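Below is one structure, written out as structure tokens, with a few remarks after it.
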Amino acid sequence: MDLDLERGPPGPRRPPRGPPLSSSIGLALLLLLLALLFWLYIIMSNWTGGALLVLYAFALMLVIIILIIFIFRRDLLCPLGALCLLLLMITLLLIALWNLHGQALYLGIVLFIFGCLLVLGLWIYLLEILWRLGATIWQLLAFFLAFFLDIILLIIALYLQQNWWTLLVDLLWLLLFLAILIWMYYHGQRHSDEHHHDDSLPHPQQATDDSSNQSDSNSNEGRHLLLVSGAGDGPPLCSQNLGAPGGGPNNGPQDPDNTDDNGPQDPDNTDDNGPHDPLPQDPDNTDDNGPQDPDNTDDNGPHDPLPHNPSDSAGNDGGPPQLTEEVENKGGDQGPPLMTDGGGGHSHDSGHDGIDPHLPTLLLGTSGSGGDDDDPHGPVQLSYYD
């Protein structure tokens, strides 16, 4: 299993959360039943306790909510259970403040204000949890308004001191926490499923590397290979480097003028396929072992279709090279090698007989304009095509 460089090595899988013990569930259900009975007794009795009746009923409702959270969602006891416990302590403090006087009353009021601030902080923390779980701004606003609406209704119930109003307020508090529990149950489960990390799947970086390697291999397989064979000890005429700056292949050691060199270098930094020429330099400042071309270039590559010139002082073959399966290597001449065309195809054969159709083809052509009197066809041009 590959290591995730961003996440680090995967840790051990967390064991599934087991259900709570049957004894704890039974005890919680028993306490929930007793709390409901006590709450109904206070609400339905004719006890004239005034505002204390409302506070006792509200305290029992908070106990009921805590028991429900413990039974169904124990993992939410920290945010929701702590909020209910803090509200329960504030309710008990209000019941105690109802009969206090003097400095104890002032101290109780300070504690009450401090408790209200804690309740507000816990509620904001709970809304942040809902936001992280994917709640929209409208859902958060609805929970926020429902919370403050219940507080206002509780204050009204303390003022009215009516049993039916107290029953309505307590049920609204229960509905608020049940709505939060249900929302966190569904959205929290979906959030955990979306962010579950499956180690069996490849990492995105690994998948990218695999695809790039595959594309590189495909591009390498798609490249055309030009098969050539050398004549004697001379370098080949054509190679895989088809991007030489001179417009043609670079078949030998490169000269300072970035031209092809199949033989010793001349003083004019041009291509030479044989020893230095004893003849004077041409006016085009280039080396010329044959008739001068009008394009001021070296005419040492594949020559125009001229007859063989045996009087060349350098020993070069002045005629055009034959692209056959053999090339004669005369003394001192490191002329161009042959092209292996896979079946004895000729360079001037426009039909490409015997050539492998999957390999690129090197054609010889002329510029179409005449040069010197000895070279009526102009320089030879090399064409590369698939």
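The backbone N, Cα and C atoms fix where each Cβ goes, and this holds for glycine too.
Topology note: A51 and E128 are separated by the membrane (different topological domain names in Swiss-Prot).
Assigned with DSSP, the residues of the topological domain 'Extracellular' (97-106) fall into helix, strand and coil as follows: 5 helix, 0 strand, 5 coil. Under 8 Å from some Cβ of the transmembrane segment (52-72) lie the Cβ atoms of residues 20, 25, 28-29, 31-32, 35-36, 38-39, 42-43, 80-81, 84-85, 87-88, 91-92, 94-95, 98, 154, 157-158, 161, 163, 166-167, 169-170, 173-174, 177-178, 181, all in the same chain and six or more residues away from its ends. Secondary structure of the topological domain 'Cytoplasmic' (128-139), assigned with DSSP and counted as helix (H, G, I), strand (E, B) and coil, comes to 8 helix, 0 strand, 4 coil.
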